[in-house]
Amino acid sequence: KESSAKKFQRQHIDSSGSPSTNPNYCNAMMKSRNMTQERCKPVNTFVHEPLADVQAVCFQKNVPCKNGQSNCYESTSNMHITDCRLTSNSKFPDCLYRTSQEEKSIIVACEGNPYVPVHFDASVAASA
């Protein structure tokens, strides 16, 4: 079974892909990373930074998670990310996404030993 840490990498890490202006990026990536198999995942964020940099966020700024848990961490620097949002006229299995490039801090939930990201909680405009 896929571990939470591996699932996080599959769903959110695209270190090789530089943030692309390709409008089809999300359509292609959501499919190739298996997020459109049983249904169209409505929203997903890809992070275009080295895995080690994303894992390091677990030791940065501790913040509360959206669900109230206390194991979330905000990156102390901006990261290049791509937000994928399902378009309103999408019908499974034809999942169509809007691709938007951003530079923001990311918030991830971490657990385990080694302590690694297992859930992407949010992205926020970096605090200046």
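Note that Cβ sites are derived from N, Cα and C of the backbone, with glycine treated the same way.
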Checking Swiss-Prot: of CYS95, CYS110, the cysteine bonded to CYS58 via disulfide is CYS110
Of the candidates CYS84, CYS95, the one Swiss-Prot records in a disulfide with CYS40 is CYS95
One residue among the disulfide-bonded residues CYS26, CYS58, CYS65, CYS84, CYS110 has the fewest other C-beta atoms within 10 A of its C-beta, namely CYS65
Top of the recorded positions ASN34, THR45 by count of other CB atoms within 10 A is THR45
In all the protein chains shown, the tally of other Cβ atoms within 10 Å of the Cβ of ARG85 (substrate binding site) is 15
